[in-house]
Amino acid sequence: MSTTDSIVSSQAKQSSWRKSDTTWTLGLFGTAIGAGVLFFPIRAGFGGLIPILLMLVLAYPIAFYCHRALARLCLSGSNPSGNITETVEEHFGKTGGVVITFLYFFAICPLLWIYGVTITNTFMTFWENQLQMPALNRGFVALFLLLLMAFVIWFGKDLMVKVMSYLVWPFIASLVLISLSLIPYWNSAVIDQVDLSNIALTGHDGILVTVWLGISIMVFSFNFSPIVSSFVVSKREEYEKEFGREFTERKCSQIISRASMLMVAVVMFFAFSCLFTLSPQNMADAKAQNIPVLSYLANHFASLSGTKSTFATVLEYGASIIALVAIFKSFFGHYLGTLEGLNGLVLKFGYKGDKTKVSMGKLNTISMIFIMGSTWVVAYANPNILDLIEAMGAPIIASLLCLLPMYAIRKAPSLAKYRGRLDNVFVTLIGLLTILNIVYKLF
């Protein structure tokens, strides 16, 4: 074979799309599609048609550029098998490692609190509206559900992980199926409410504020940051030695782009289908009731008068069940990350990093009591879920997903080539706007 043929063959091999790339594309996509998606239509549809159209324009750039920035940070370490904690320690020392451990824990733990509130409200709504049973004590329901999940986690962790992986695709398929099945129920209410002569850009209910708050729920819903570090390590081990760091970065960006497109297509279609079936006022009611959109859809179809279609009857019961399964799936997935993070913090600060001073069983018990106890307190208090996402969950995710990579690009020599780019400004702006929601909620 000539030198030219070898070069052509090498280039063809480099440009090929492998089965592992498809697996990771679907893995990133599946990680992001969870219970958080069930609240996106409520916030997106709350302000009517124009804000959700603006969110549609922003959705892909937010998903792609923010996750690409985090992936570039993970790629910047000298060790191809090093995770994000090792990479941050390499750039910023041990203090940086402690900071990233705290960020990871506090980025995931509030999500468990959110899911604790959500699963309690969803179950109680299903119990009272679909099953027509008398109301139960909120504290008892929250405690029962959390103890049930704790039992499953304690005695069947391996089974739980396997079941979670099987639930991802049926949940995504059910979202797409529901979105398509809602089309016959679409109406023009959301379009009729558009009054171009009376549009307010500013103010509490203005378009800009609605989109600003919508950015937070997009950061929350379009989030697969927990798996980015593992994804980058896998791709570096697969590609870097043979093709180099630059090619690996392009391959990671390509996979993140395709995963983001899939994610945005499914979530935005679901959001639009819900909005055209319901109305902005219905979305406001769902927010006030503190329930996910599927539970509200179930109640909506239950209240229809006259003869119901088969779909309406199935959705009346099926929507809440799908929501419960989605929340269970998301809770289990985030619990594992929270447990790992809290174990690390307890070990580091309680036992000075000495693993011989405490058994793993005792460590897991201490962490589980704190996690489940704090989740029960929040679930019983029943704060508004969207407010909790916007004021707590999304800002912490944004600090990890957006601001940490941008700070690293400014400071780390290995990331210097990415400085001065327009997409850095965009990612920084998204991170700051999301964090500033905390200030907005206070005032």
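First residue shown is number 1, and so on along the chain.
Note: Cβ is positioned from N, Cα and C throughout, glycine not excepted.
The transmembrane segment feature in Swiss-Prot is assigned to 22-42, 44-64, 97-117, 140-160, 163-183, 207-227, 259-279, 319-339, 366-386, 389-409, 423-443; the stated evidence is sequence analysis.
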Stretch contact, the transmembrane segment (259-279) with the transmembrane segment (163-183), Cβ-Cβ under 8 Å, 3+ pairs: yes
Sequence-remote partners of the transmembrane segment (22-42) [C-beta within less than 8 Å, at least six residues beyond its ends]: 63, 67, 111, 115, 118, 168-169, 171-172, 175, 217-218, 220-224, 226-228, 231, 234-235, 255-256, 258-259, 262-263, 266-267, 270-271, 274-275, 283, 286-287, 292-294, 296, 323, 326-327, 329-331, 333, 385-386, 389
Recorded stretch that, among 44-64, 97-117, 140-160, 163-183, 319-339, has the most CB pairs under 8 Å to the transmembrane segment (389-409): 97-117
Feature contact check the transmembrane segment (44-64) with the transmembrane segment (207-227), CB under 8 Å, 3 or more pairs: yes
Among 44-64, 140-160, 163-183, 366-386, stretch most in contact with the transmembrane segment (97-117) (C-beta, under 8 angstroms): 366-386
Long-range Cβ neighbours of the transmembrane segment (163-183) (under 8 Å; 6 or more residues past either end): 29-30, 33-34, 37, 266, 269-270, 273-274, 276-277, 294, 297, 311, 315, 319, 322, 325-326, 329, 332-333
